[in-house]
Amino acid sequence: MKIGIIGAMEEEVTLLRDKIDNRQTITLGGCEIYTGQLNGTEVALLKSGIGKVAAALGATLLLEHCKPDVIINTGSAGGLASTLKVGDIVVSDETRYHDADVTAFGYEYGQLPGCPAGFKADDKLIAAAESCIRELNLNAVRGLIVSGDAFINGSVGLAKIRHNFPDAVAVEMEATAIAHVCHNFNVPFVVVRAISDVADQQSHLSFDEFLAVAAKQSTLMVETLVQKLAHG
């Protein structure tokens, strides 16, 4: 099995990259892909860059060039669920765009023409992630993760997301674009991210302060998940 892993930022991939044995670096379309073995398992780790376009471009290049069997999207996210705090884990059962609006033509808010309203994560990957969470004794929430090209840092943006997606547990900037590409390629995916901030008026301050905490937690989760997927 070859496992594809996608993170947007240097801080979100550096700990995993340093653990890859026999590492080789491929630069394509402004993205960097690191291939090798993570604890004996073949992996391809992509640093995509921030935002939906960068994430979709990178995911497409990763799938075409490295042919992974599954995709894990990792990194940080802003917490929306009331039980979440910095360092906690969110696992997607579905992802949706929070900044797409074609409702004038009868589509659901967040749905693009020709696409499902949301992109469902793979049940087996979800189950494996939840098993890792239990083993690591981490606090986690599974649910809807929403994505858009905006860092949510204020009451207006937050209120709009809560109105349109009252069940959303986290918000970030890449996951749905990655899920969209995986859907088109028919490749199983799951989002496993750690909370770096709560999406409020101080989120930009807590993000800068706690990104390293989120990166450490998400790296631990992904490393454990890769082991479980490879060896059961």
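Placement of Cβ uses the backbone N, Cα and C atoms for every residue, glycine included.
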Return the residue out of GLY78, GLY79, GLY87, GLY232 that Swiss-Prot annotates for the same substrate site as ILE152, MET173, GLU174. GLY78
GLY78 (substrate binding site) versus ASP197 (active site, proton donor) - Cα distance in angstrom: 5
I want the residues beyond GLY78, ILE152, MET173, GLU174 whose C-beta is within 8 angstroms of the mean position of the substrate site's C-beta atoms, in chain order. ALA77, SER147, GLY148, ALA150, PHE151, VAL171, GLU172
